[in-house]
Structure formats: C-alpha cells, structure tokens
Amino acid sequence: MSTVPNGNNQMAEHAAAKAEDASKATPITNTTVAPEHKKKKLVRKQAGSNQLKYKAWQFGHIFTIVFGVITFTFQIFLLPNKWYINSICYRLSLLGSMVALTATFSHKFGIKFLPPFPTLIAQQNFQYLILAIIWCFTFKSIFKIIPYFLISTLQLSAHKNIEAVTKHLAQLASFIAYDELFLIVYLLLRTLLFRNTSGYQLTAFLFFYWLRILYNKETGNLFRSVVTRLDGKVTTSTKNEKVLHYWSKIKKFLDAKQYDKV
C-alpha cells in the first residue's frame, strides 16, 4: 500500500534548507558589493571653498569700485598721471572685476566643469571677463571701465539691499548700454586715425557685442531702437545701393530676432 507524503513536513524541510543556504551566503556589505552596483551617495559640498569664492567675489567688486573712483577722478579732472597712480588704479579696478567674474563662474559651473566653449562664450560674464583682460593691456579709457564700475556697484547694492541704488537699476543698465555704443564709436574713430591697436580692440568688442544682440534681449532692443532712429537718415541721405542693401538686411534680421524673442 502506497503512502502520500505529508505536505507540512515538505514545507518544513524546504524552509530549513533555505535557512541553511542563507547562513552560508556571504553578507551584503560595502566591501562585498561591486563598485558598479553601489548606490551613489550625495555628499554636501565643503563650505570652505564657497566661502573663499564669496570673499573673492566681494573683494573683487570692492576693488573695482574703490580704484574705479580714483581713476575716474584722474580722468575727469585731467589730473597728471604722477607716479603712474592713474594707470595703476585703472588696471587694479579691472583686475578686481576679473577676480569677481572668475569667482562668479567658479561658483556657477566650477572651474573643472566648465560648459562647452560655444555655451561659455555666449555667457555675458565670460564676455566681460575676456574684454577686461584685453582692456588691461591696452590704452586707458573711461568708456571701457564704466560698465565694470556700475556692474560692481549694482551687484554689491543688490547683495546688501541698498535701495537707493537698486531702485535705479533700469536707468543704470541703460547707461551701461549707451556707454558701450559710445565705446564702439570711439574705437572706430581711433581705428580710422590708426591709433595703436584700436582696430583689434574694435573687432573683439564688436564680436562680443554682436553675441549680446543675439542672446541678450535688452541689448537687442537697444540696438533695434538705434537702427530705427537712424533708418530715416540712412535711407534718405544714402544713394549707394550696396549700403542700402546691407542696411535693409540688418533691419530684416533684427525684426526676425525680435519676433523670435516674443
């Protein structure tokens, strides 16, 4: 006579076998798991580096303002460049701005993790940084240093909540934009007069200014308003077909860019 095995006994034997296998298995720890199977752990960034970047940013802007005031005094009142005080303060002001801009970039991206060059060169801070390096090794001009001085003033005022300055943000931004247009005209005149390296400086500045027209809404709107004001004079006083052709192309391009931004 055949017998049927007991189901409860079978389940007990199966559980005992599993318990024995589990006791013999290797425990799962950080040392036993392969590196590719480990979960990534988020580690808080060290506060020391951020504090250093903040101090560099702050003192860079302070340097720009302090030495900018000194060089403005020399250039506005036409004081003699005795002991090269004006030249030294002019370049120290630009150096302070370079330090502040570098600290900003380091905080935003990290020096070791900079974005691709096309993305980098489209950043307005990077454009100002490159121009500051160029201005540092070329002739002094109040038009060159005004944007850096006002940007530092606005940055520190916004950080310290100085409403007397921040409430004039729009006016100061417009002043910077018009100053850059005056700088283009000034560099163009110096280029026509064959003054030093003005032609190279004009080319570099126009390159970055064109990028700003493409990617910065405020600069694009300002340039469009200037073109609109000059349109009547150019079309009525100019009879050269090539000039009118390129002028028409510029207007169509600006209209298209303005339509894209809407």
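Don't overthink the numbers, they just go from 1 along the chain as shown.
Here the Cβ of each residue, glycine as well, is placed from N, Cα and C on the backbone.
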Range among 1-30, 31-60, 211-240 that TrEMBL annotates as region 'Disordered': 1-30
Contacting positions for the transmembrane segment (126-151) when only residues 6+ beyond its ends and CB under 8 Å are counted: 64-65, 68, 71-72, 75-76, 86-87, 90-91, 93-95, 97-98, 101-102, 105, 120, 172, 175-176, 179-180, 182-183, 186, 195-197, 201, 204-205, 208, 211-212
For the transmembrane segment (172-193), sequence-distant contacts whose Cβ falls under 8 Å of one of its Cβ atoms, 6 or more beyond its ends: 141, 143-144, 146-147, 150-151, 153-154, 165, 199, 201-202, 205-206, 209, 218-219, 222, 226
